[in-house]
Amino acid sequence: MSTYKIVDDAYGKSGVKLLHIKRNGPVHSIRELEVNSQLTLSSKKDYTEGDNSDIVATDSQKNTVYLLAKKHGVNSPEEFAIILCRHYLSTYNHVLKVQVQIELYPWQRAEIDGKKHNHAFVFTPVATRFCTARMEKNGIPTIESGLKDLRVLKTTQSAFVNFVNDDYRSLPDAPDRVFSTVITSRWEYSTINVDFCKAWNTVKDVILSVFSGPADKGIFSPSVQNTLHLTEKLVLDSVPEINYIEMILPNKHYVNVDLSKFKNVGFAHNDTVLQPLDKPSGNIRAALTRTLASKL
Ligand SMILES: O=c1[nH]c(=O)c2[nH]c(=O)[nH]c2[nH]1
């Protein structure tokens, strides 16, 4: 007869959306979040016996998100995720493990005639910020943060040459090409004593500066791989509380259009016309971690 063991289980509510408004006199600040909480219980009788007596309903988890936002406010998404983890573990003896994922909507304070507005905001999707907090009974929370959908493009200072030249190659060397990608990155903190908003902005700024270089001259990239690695190195150098970072860079191709057949159409300018390709894209990924000696 076969015997079985449940090896991985968690349940919760995903897509709990909330807008938190903090009023400081006439100056209002907002956080719009989407929260996903997942609990793992000590007993599996809900799965095996159909006994619901230990289940903190996913509907109650939704209520908890709203109630704790009202009670504690929402500072950074990371801090709010930790508040939720601690709440479940301290309120329910039989909750063994909690994972809270939060996505932050990219609202920015509006600027009117160069002045920051008291209570108007603009949706500015430069990049989406997200985080995950994980905590076990009697443990300490671990935090990972990240960004996604950061789409960038530069028109020069990128090359791709000297790669494998064999019967399968058709791509010519490209000493000067367009470099465009949609950046996803996630990183792990070695501590929760971090200014999470400052750290997130530092990572975003490092990513943009290694990709772009100085405003007038730019910075040369010999490959997506090398730019990815230099970015991760500078992130670990810039934020000591981060001990691991991973980046995924799809290489969004912009290909030449062959206009050589159109001999009778004159071109007054030496402009470039390229065709953006949706698919396929390259897909370059790597993670960088501190070696033991350099950990905090
Ligand atoms: O930066 C690049 N890395 C690659 O691995 C690769 N492969 C490719 O076709 N173009 C590029 N560009």
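Quick reminder: no glycine exception, Cβ is built from N, Cα and C everywhere.
Feature annotations, courtesy of TrEMBL:
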ACT_SITE  K13  active site, charge relay system
ACT_SITE  T58  active site, charge relay system
ACT_SITE  H253  active site, charge relay system
BINDING   T58, D59, F160, R177, V224, Q225, N251  urate binding site
BINDING   V224, Q225, N251  5-hydroxyisourate binding site
BINDING   N251  O2 binding site
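Feature map: annotations from TrEMBL on the structure.
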| residue | record | contacts (Cβ under 8 Å, 6+ apart) |
| --- | --- | --- |
| K13 | active site, charge relay system | V35, N36, S37, T58, D59, Q61, K62, V65 |
| F160 | urate binding site | L171, D173, A174, R177, P222, S223 |
| V224 | urate binding site | F179, T181, L249, N251, G282, I284 |
| Q225 | urate binding site | I284, A286 |
| H253 | active site, charge relay system | P276, L277, P280, S281, G282 |
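When Cβ neighbours within 10 Å are tallied across all protein chains shown, the highest count among the binding-site residues R177, N251 belongs to R177.
Among the recorded positions D59, R177, N251, H253, the ones whose Cβ sits under 6 Å from an atom of ligand 1 are, in sequence order, N251. Taking the recorded positions T58, D59 in turn, the residue surrounded by the fewest other Cβ atoms inside 10 Å of its Cβ turns out to be D59.
Under the three-state DSSP scheme, Q225 (urate binding site) falls in the helix class. Same-chain residues with CB within 8 A of the center of the V224, Q225, N251 CB atoms, the 5-hydroxyisourate site residues themselves not counted, are F160, T181, S223, T227, L228, L249, G282, I284.
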